[in-house]
Amino acid sequence: MAAPPAPATEGSPQPEPHAPELGPGSARRGREDSRASRLSFCTKVCYGIGGVPNQIASSATAFYLQLFLLDIAQIPAAQVSLVLFGGKVSGAAADPVAGFFINRSQRTGSGRLMPWVLGCTPFIALAYFFLWFLPPFTSLRGLWYTTFYCLFQGLATFFQVPYTALTMLLTPCPRERDSATAYRMTVEMAGTLMGATVHGLIVSGAHKQHRCEATVTPGPVTISPNAARLYYIAAAVVAVTYPVCSSLLCLGVKERPDPSTPASGPGLSFLAGLGLTTRHPPYLKMVISFLFISAAVQVEQSYLVLFCTHASQLHDHVQGLVLTVLVSAVLSTPLWEWVLQRFGKKTSAFGISAMVPFAILLAAVPTAPVAYVVAFVSGVSIAVSLLLPWSMLPDVVDDFQLQHHHGPGLETIFYSSYVFVTKLSGACALGISTLSLEFSGYKAGACKQAEEVVVTLKVLIGAVPTCMILAGLCILMVGSTPKTPSQDASSRLSLRRRTSYSLA
């Protein structure tokens, strides 16, 4: 008679249950599921097109909004500071609010996320158009532009959050999701380039130097009806892309039901998860470093056009310089992806510092050849500054999960809080820097600015980004960087990422 099996002790190894053998029918069903999970080329392209409007609008506002408010709308620099600060803060505050409401929305016939994208489309198009509209009154123009910039930034967030989250509901296949994301990034880069090109070409006639006579003393000039009309046309062209691209997104992309179910009970609440993530040292170091770097990039972008217009004789090269920045950023992105994989993230971070000596050179020697070289190098540096944090965040999240084991869903909090901090840093940097123009004596709409304003613009285009970038890199280089987890660790972590956090 066979002896009964010995009872398992706590320290003894447990026998693993045998997995059921798969027959021909199961294998066939697996192949059918794999084919069903594949996304067509048309679906991927339509998904990428859905993000184009926000990229076009963001590119146009980053380079031209400040110039429009100061020279066309002719509102004081202090009010421009309030407009930029208020809009950026609205976009930052809308991130957690959007996550809160979208996380609690019910699924409809067209899905759970798609109704948010479609519902925001007409309102964000109107908000963008009126952001570039010149109202007939002058005393309350600052309030007008603050209101519509806040609306635009908030609605853009409510558009972008469900759009990017839609990736998870396109297909259950991770490889197809990665492919759809690659299509989205490629099309969005094209949208960024298109936005600056189209908007810049349309409004280029509004800033011709012949508006000012050489004999005119410094002071405001009359706003040309043609200049205002050019901005109306540019705003209408960009606004139309919202309903067009959203319609293509809705027609070409079908949102699947969310297959994720809580595998280990409900996740942490948003506030509890936020408290845990903000106490993780690698995450704090990364966020603080890119707080400075992101603010530096936004200041460089915002003041490039203004510097060329008022602090140098480069007003005829504005469009060419903007295109040089964007083209070099787009073309250098694949190169930086290879450098990240070949040499590591810490080594790649030094590429951001390439902007530093050239920014100082442009402020000291503002000639056309120097400006184009600076624009090219700045685009290369901007590419790595945008790519690096999104490459480091997964490593930081994996490092946190392996150390703490607090359950699924915390990676969403890492991402949303990082976006919030970078938007807030940009708001503070742009608000304070624009306020400095007011203190230096900037005259809205003037043909020629005072020497103090020229010096201030040189500091903003050279010294300010330099100090921010060096501070951010010093913080980033201190201490060790989390390593990419092994394949086994990544597999274990992926099992936990099947539920979303609640915002209760």
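Positions of Cβ are set from backbone N, Cα and C atoms, glycine also.
As given in TrEMBL:
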REGION    1-32  region 'Disordered'
TRANSMEM  113-134  transmembrane segment
TRANSMEM  146-170  transmembrane segment
TRANSMEM  182-202  transmembrane segment
TRANSMEM  230-251  transmembrane segment
TRANSMEM  286-306  transmembrane segment
TRANSMEM  318-336  transmembrane segment
TRANSMEM  348-365  transmembrane segment
TRANSMEM  372-393  transmembrane segment
TRANSMEM  413-432  transmembrane segment
TRANSMEM  453-478  transmembrane segment
REGION    482-504  region 'Disordered'
COMPBIAS  494-504  compositional bias 'Basic residues'
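Counting Cβ pairs under 8 Å to the transmembrane segment (286-306), the stretch among 113-134, 182-202, 230-251, 318-336, 453-478 with the most such contacts is 453-478.
Listed by sequence, the residues of this chain that lie at least six past the ends of the transmembrane segment (182-202) yet keep a Cβ under 8 A from its Cβ atoms are 44-45, 47-49, 51-60, 63-64, 167, 230, 233-234, 237-238, 318-319, 322-323, 326-327, 329-330, 333. Highest Cβ contact count with the transmembrane segment (372-393) among the listed stretches 146-170, 230-251, 348-365, 413-432 falls to 348-365 (criterion: pairs under 8 Å).
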